[in-house]
Amino acid sequence: MDPNGGDVIPHRQVALHCAASVVLLWMAGPPTQWWPLALVAIVPWLKLILMTGRLDRRGKWIIVAVSTLYWMVSLQGLRHAHPAIYVGWFALSAYLAVYHLLFIWLARRLIERKIGLQIAAPLAWMTTELVRNYLLSGISVLMLGHAMADVPAMIQIADLVGTYGVGWVVMVVNVAVVCVFSFWKGKVDRKSAITAIGIAIVYVVATLGYASYRLAEPTGKELATFLLLQRNEEVDYLQSQERELEIFEAYAKQAVEAVKRSEQTIDAVVWPESMFSGGAAWMVAADDMVVPAEAEMPAAEFAASIKEQQAYIERRARYLGELMIEGGIENDIQEKPPAFIAGCGVISFGENPESYSGVLHVDSSGNVASWYGKMHLVMFGEYIPILPWIPGANSLMPPGMGLATGEQPGRMPVGDTLVSPNICIETAVERVTGAQVHWPGLPSPDVVVTVTNDGWFDDSSLIEHHLRCVQLVAVGVRRPILSSANNGPTAWVDDRGAIVDRLERGENGQVIAKPTQNTRTSFYARIGDWPMRLLGLLTIVLAFVPGQRFTSTKA
């Protein structure tokens, strides 16, 4: 007997149930993508939640250990980026594993408060996903709702309640399954099983009914035509300027040839993250610019060098534009050079130099009209939590980390189409893109264009997980999302989350996208995740309200 009055749940049972859930969860997503398994993947954990007794310290460590293995396998693509990332890969996996333990603990606490599993499990799961979307900058990858990314009828509710709502419905189905199983085993009565099934049917029918309404809506007018570039260029943290120029030239050659071969006018060419730099970052001088000590030149001379760098990048862009309209196909429909929405490093010189992962908007005249600085950085990729505050620890960071964060979203007009630029992980943290689309004081964009460099992840399934995030975000904000990526995912995703066209991982090629307009601002983009925050707060409060110890099964 446990000293607190309850039996300890056998450790073997804990391990088996956790292992079953994580295996089913993994199989529901890439690379196998057997999405129906998501509807039963949480059942073993739910059975564990309903077990009489309590989890001791060793049982909790077992849950964390098994879940850490799940996250390490799911996110194993991270390890390819840099040897130092191995530590971050493990640390991130262990950190995310804690949320599975938190889910089990929260659900059991809610049941102690006489809340049925039909409500307790979805509330607990949603709360853990909410917390991990904010804590330590947040990450949305591998939310439960992402398993439904390729099932259009299941994901349309994301424009109301985000991926959280899709996951809620999936969890309700899991609860119905475990209640039926428990009824067969004689552990719950018929009424409880029928109630769980009835609730699941209501949720699924409502979800499908709403999807039927949204999917039947007519599409809007056609927007600008974008050419999305992708190559499989090997990248490295310690990349030489010569290698950066080599990558730029490969992309430039492909872009020129693709525009020349196109049978329709290309309004904008989209370059993946950092692929337009070519060893030359776009530089800007702030009003409070202080010349870096290592520059060793007067302020006027340094300012002139910045202008020279800007002129070089614009000359390069104009040259490419001229090549694109010379010697094209016989009908010669490309009358003027396309604009570029181009991933490029940016350095802003103020009191201190600040480096950004950026996107340049180069208009059809070859002039840089504006730039956007990435607002949400990659944990363990572009920054390491806490490290900057440890004396001397910055020297341990590989080159490329320690980037500055942008202050607000960008708006880049391509003809009559208004683009919201987005970089890498910003589509993998759905609240970020949602906020950018509905930013106070800025007009609503017609399309989100995201650039990324997933070449760091080799050909791992992490690329497919990233694309699933894009699909759910597209529904959540009801805007088409165009993704241009080194190594993938390069895809045209419409405002219903459907992949209209894409390139396979590692393929050299391009996608020509002509998205359609959706002028409606989704409920989720308008109010964000405030309903989920309130429910999450309520869940946490209920969990800490004193109550009886968990000693009996309650479905």
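Even glycines carry a Cβ here, placed using N, Cα and C.
Look at TrEMBL and you will find 233-517 tagged as domain 'CN hydrolase'. If you look up TrEMBL, you'll see 33-49, 61-78, 84-107, 134-155, 161-181, 193-213 marked as transmembrane segment.
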- Looking only at residues six or more beyond either end of the transmembrane segment (61-78), which have a C-beta under 8 A from one in the stretch? 11, 14-15, 18-19, 22, 25-26, 29, 55, 85, 88-90, 92-94, 96-98, 100-101, 104, 141-142, 380-381, 456-458, 460-463, 465
- Note on the structure: For the transmembrane segment (84-107), the candidate among 33-49, 134-155, 161-181, 193-213 having the most Cβ pairs under 8 Å is 33-49
- Message: Quick test of the contact rule: Cβ under 8 Å, at least six residues beyond the ends. What residues does that give for the transmembrane segment (134-155)?
- Response: 25, 28-29, 33, 35, 37-38, 41-42, 74-75, 95-96, 125, 163-167, 169-171, 207-208, 211-212, 215, 376-377, 379, 385, 425, 428-432, 462, 465-469, 471-472, 475, 496-498
- Confidence summary for the domain 'CN hydrolase' (233-517), mean pLDDT rounded: 90
